[in-house]
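Marked as ATP binding site by Swiss-Prot on the basis of sequence analysis: Gly11, Lys12, Gly13, Gly14, Ile15, Gly16, Lys17, Ser18. Taken from Swiss-Prot, the feature [4Fe-4S] cluster binding site covers Cys99, Cys133. As annotated by Swiss-Prot, ADP-ribosylarginine applies to Arg102, with the evidence given as sequence analysis.
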Amino acid sequence: MAGLRQIAFYGKGGIGKSTTSQNTLAALVEMGQKILIVGCDPKADSTRLILNAKAQDTVLSLAAEAGSVEDLELEDVLKIGYRGIKCVESGGPEPGVGCAGRGVITSINFLEENGAYEDVDYVSYDVLGDVVCGGFAMPIRENKAQEIYIVMSGEMMALYAANNIAKGILKYAHSGGVRLGGLICNERQTDRELDLAEALAKRLNSQLIHFVPRDNIVQHAELRRQTVIEYAPASAQAAEYRKLAQKVHENGGKGTIPTPITMEELEQMLLDFGIMKTEEQQLAELAAKEAAKAAAAVH
């Protein structure tokens, strides 16, 4: 266990968190690291590209079939994927029933008790980040994940979620050893995206670990249920993920305690960058449009 790096990828739904994490981990395994992935997202897609398969059976669904978690063996839930990466999905309940975070808690305890954490260099948690409720905060709260990487973009909701996740990290940073490893910007090609990502990282007392450019090759690889590292190892995008993996690898012990900002400060930042408009600007634009329309109608 000495030297075990427990990292987690958080980010809002649909941000490309699972894609980014799996490509990063595929690049890390190429560097000779032994890896265990624990998927903590109810979608159970945190290991799909590593296993080249549809979503794997989750600990919760297998436990329900077997009777209880105690009735499971480690080999029932742990699958081996690309270059020996160990994969587990914790799963979640039926929509509208129970707490999705409960599966995370149940899974991590089961894995630890059954020796899944032995003989690995990295344990990576892939966690839904829109809701920092008790269950999803579990890897942070229980002092499991030590380094949190927030996957975000220049879109307002992604920035909002990143700031919220930073609040969750701050809450547990003093009682446990959890730190913010940094932000990973998954390019959405919004205005001034790199500047905004770097500015937010600075405000959060952190760093932008890497800016991942947008490339359709990611979708081509996903359709084949593969990471870009496996599908197109010589591509420019694979090189980007390798750079990201190298930066994560060299970032051990360099995490910080975040300084989240208020909603007002976040909105002010978006205004300063011209991403968001004031009500006056919006009204002026609307008035200009109406005037142009009226002028066109006259002619």
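Heads up, the Cβ atoms here are built off N, Cα and C, so glycines get one too.
Structure with Swiss-Prot features highlighted.
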residue	record	Cβ neighbours (10 Å)
Gly11	ATP binding site	29
Lys12	ATP binding site	23
Gly13	ATP binding site	15
Gly14	ATP binding site	11
Ile15	ATP binding site	26
Gly16	ATP binding site	21
Lys17	ATP binding site	26
Ser18	ATP binding site	25
Arg102	ADP-ribosylarginine	17
Cα-Cα separation of Lys17 (ATP binding site) and Arg102 (ADP-ribosylarginine), in Å? 21
Take the C-alpha atoms of Gly16 (ATP binding site) and the residue listed as 'ADP-ribosylarginine' and report the distance between them in angstrom, rounded. 23
In terms of DSSP three-state secondary structure, what is the assignment for Gly11 (ATP binding site)? strand
